[in-house]
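Enquirer: TrEMBL lists 5-314 with the feature domain 'FAD/NAD(P)-binding'. According to TrEMBL, the disulfide bond annotation covers Cys41-Cys46. Summarising the annotation, TrEMBL assigns FAD binding site to Lys50, Asp298. For Gly171, Ala172, Gly173, Tyr174, Ile175, Ala176, Ile177, Glu178, Gly258, the entry in TrEMBL reads NAD(+) binding site. Positions annotated as domain 'Pyridine nucleotide-disulphide oxidoreductase dimerisation' by TrEMBL: 335-437.
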Amino acid sequence: MQTHFDTIVIGGGPGGLAAAYSLAEQQSVLVAENDLWGGTCPNRGCDPKKMLYSAVEILDQQQALQAHGLRGKSTINWSELMAFKRHYTQQVPENTLNGLQSAGIQTITGTAHFVDSQTLQINKINYTAAHFIIATGQTPTIPTIDGQEFLQTSNQFLDLKHLPDKIAFIGAGYIAIELANIAVTAGAEVHIIQHNNRILRDFPVAMTSELVTSLQNKGVQFHFGTTVTGIHKSAKGLTLNNPDGLMLTVNAVFAAMGRKPNIAQLALEKAGVTTSNHGIQVDDHLMSSNPRIYAIGDVVDRPQPKLTPVAGFEARYVAGQLLQTNTTAIAYPLIPHTVYASPQISQVGITVKTAQDNPRQYRIKQQTTTNWYTFNRIKESNAIVTTIFERQTNQLVGAAAYTTLAEELINYFTTLIKNQTTATELTDTIYNYPSPASDLKYYY
Ligand SMILES: Cc1cc2nc3c(=O)[nH]c(=O)nc-3n(C[C@H](O)[C@H](O)[C@H](O)COP(=O)(O)OP(=O)(O)OC[C@H]3O[C@@H](n4cnc5c(N)ncnc54)[C@H](O)[C@@H]3O)c2cc1C
Ligand SMILES: NC(=O)c1ccc[n+]([C@@H]2O[C@H](COP(=O)([O-])OP(=O)(O)OC[C@H]3O[C@@H](n4cnc5c(N)ncnc54)[C@H](O)[C@@H]3O)[C@@H](O)[C@H]2O)c1
């Protein structure tokens with residue numbers, strides 16, 4: 001049995017897999033995974049979430065076109081929707097494993113931990129390698145409160161056999177907002193309990209406050225400035241309480257208060273790898289404090305958003321370092337990010353907040369586009385698109401969108417910013433008409 005490899009990758013999620021495939025042609029590679037092959041995104045993250053969201057998008061469109069040519073609405077059948085999702089997710093681990101093995105990558109199912117600076121133990125067997133890449137991701141944060149054992153997480157939500165009648169989410173970030181929107185559209189009574197007064201702190205306030213109204217119109221009940229200190233189980237359900245008099249009884253409570261790095265099981269102190277509460281500390285080459293060991297993806301303590309394409313980019317970057325095809329410090333491309341709610345909020349590049357804080361450097365063009373042909377055609381009730389330009393060069397440097405079309409609009413803006421496309425070049429480009437792309441020149 002082979003126990004020495006050029007590179008051992010710990011974690012079989014999007015980051016670890018991208019690293020393994022990038023190295024496999026030139027190196028002997030072992031990937032260790034202790035749970036579902038494929039990791040968070042395809043098993044219990046992006047992909048299953050967005051499959052459930054497919055039904056939400058269609059219901060939203062039906063709702064918008066009521067009395068504009070459509071009458072009557074479909075309803076979500078939760079168990080059928082879950083079956084649709086499961087048909088996809090249940091194939092992920094096996095397909096992932098088969099794919100790795102067909103590419104000549106060795107795999108092992110088990111929890112990896114270091115025994116010294118160059119030895120990893122998995123299933124009681126020691127493995128050595130010239131390099132290690134840690135890609136162990138994150139897991140949901142569970143608060144230390146009375147009754148914390150009653151808390152579920154996004155993992156359970158995305159696999160619910162039956163949709164509970166009354167649901168509470170603690171937190172108002174990506175996960176709470178996206179899952180609350182799915183649950184309320186599917187017919188549940190939904191509460192979002194947020195310790196401060198702000199949802200989705202990284203997105204423009206002008207858009208997040210509109211999203212609160214939109215979700216309230218769908219029936220979501222927000223409890224701002226509210227901290228849950230205890231959960232009590234009775235015949236009526238789960239009652240959330242706090243010293244200020246909160247008494248909310250629901251059937252299921254989901255913790256959506258952020259995620260913490262999966263580092264506890266790795267015995268990193270034995271390998272001389274330093275960490276913080278935010279994950280593995282790395283330099284600008286993604287090398288940890290042990291030069292044999294790199295870290296990528298969600299487990300890394302870096303300010304970039306924790307997203308699947310970011311994990312993949314970091315993986316390919318580290319593979320380049322190990323294959324010595326690239327020796328420069330990591331330079332991230334633009335990272336668009338989207339909240340898949342009703343509607344979506346998406347942004348890329350310089351943020352609205354940065355532009356507002358630096359008015360001499362940036363010009364902001366915020367447009368309510370609700371009555372533009374593209375948005376009126378689908379009866380969008382409120383659409384906002386903001387573009388940000390650098391004053392000195394007049395170049396587009398950032399964009400944010402609040403509309404059901406946001407994910408694709410921001411993809412266009414990502415390309416326009418990257419290519420430094422000017423207004424004249426856009427006017428000279430012919431796009432399909434009428435389509436969101438044929439409007440692009442009006443955002444300049
Ligand atoms: C509900 C939800 C929705 C999301 N939606 C989106 C989205 O729409 N778009 C987007 O870009 N991102 C989304 N994300 C984030 C995305 O899933 C992550 O950024 C991505 O999965 C990170 O990849 P990774 O490889 O770093 O970690 P992971 O995918 O978490 O993979 C890490 C793997 O390591 C394994 N592991 C951990 N410890 C060990 C050990 N000691 N030994 C062996 N194996 C170990 C784990 O079991 C896991 O399989 C979402 C996340 C969640 C939770
Ligand atoms: N569409 C996407 O790309 C997508 C979707 C889901 C998740 N994700 C990824 O997963 C990560 C985790 O998502 P998340 O929603 O758990 O985290 P988050 O960081 O987006 O939101 C956490 C929420 O919990 C609140 N909170 C923090 N501490 C709290 C406390 N002590 N008590 C009560 N509330 C508290 C925060 O104010 C915030 O509202 C995201 O940051 C993102 O990287 C991405």
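From the backbone N, Cα and C atoms, a Cβ is placed for every residue, glycine too.
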Enquirer: Beyond Gly171, Ala172, Gly173, Tyr174, Ile175, Ala176, Ile177, Glu178, Gly258, what residues of that chain have CB atoms within 8 A of the centre of the NAD(+) site's CB atoms?
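Expert: After dropping the recorded site residues, what remains is Phe169, Leu179, Ile199, Leu200, Ala256.
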Enquirer: Can you tell me the CA-to-CA distance separating Ile177 (NAD(+) binding site) and Lys50 (FAD binding site), as a whole number of Å?
Expert: 13
Enquirer: Compare the C-alpha of Cys46 (disulfide bond) with the C-alpha of each of the binding-site residues Gly171, Ile175, Gly258, Asp298, and give the closest one.
Expert: Ile175
Enquirer: Taking every protein chain in this structure into account, which of the binding-site residues Gly171, Gly173, Gly258 has the most other Cβ atoms within 10 Å of its Cβ?
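Expert: Max Cβ neighbours within 10 Å, all protein chains included: Gly171.
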Enquirer: For the binding-site residues Lys50, Gly171, Gly173, Ile175, Gly258, which sit with their CB under 6 angstroms from an atom of ligand 2?
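Expert: Near the molecule: Gly171, Gly173, Ile175, Gly258.
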Enquirer: Give the subset of the binding-site residues Gly171, Gly173, Ile177, Gly258 lying near ligand 1, defined as CB under 6 A from any of its atoms.
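Expert: Not one meets the Cβ criterion.
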Enquirer: On average, what pLDDT score does this prediction assign to the domain 'FAD/NAD(P)-binding' (5-314)?
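Expert: Averaged over the domain 'FAD/NAD(P)-binding' (5-314), the predicted model reaches a pLDDT of 98.
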Enquirer: Take the C-alpha atoms of Asp298 (FAD binding site) and Gly173 (NAD(+) binding site) and report the distance between them in angstrom, rounded.
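Expert: With distance taken Cα to Cα, Gly173 (NAD(+) binding site) is 16 Å from Asp298 (FAD binding site).
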Enquirer: Select one residue from Cys41, Ile177: among these recorded positions, choose the one with the most other Cβ atoms within 10 Å of its Cβ.
Expert: Ile177
Enquirer: DSSP on Asp298 (FAD binding site), three-state: which is it?
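Expert: For Asp298 (FAD binding site) - judged by DSSP and reduced to three states - the answer is helix.
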Enquirer: Non-local Cβ contacts of Lys50 (FAD binding site) (under 8 Å, 6 or more apart, same chain)?
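Expert: Result: Tyr340.
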Enquirer: What are the sequence-distant neighbours of Ile175 (NAD(+) binding site), meaning same chain, six or more residues apart, C-beta distance under 8 angstroms?
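Expert: Counting only residues 6 or more apart in sequence, the Cβ neighbours of Ile175 (NAD(+) binding site) under 8 Å are Ser154, Phe169, Ala256.
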Enquirer: I'm trying to understand the geometry here, so how far is the Cα atom of Cys41 (disulfide bond) from the Cα atom of Gly173 (NAD(+) binding site), in Å to the nearest whole number?
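Expert: Given the Cα positions, Cys41 (disulfide bond) is 17 Å from Gly173 (NAD(+) binding site).
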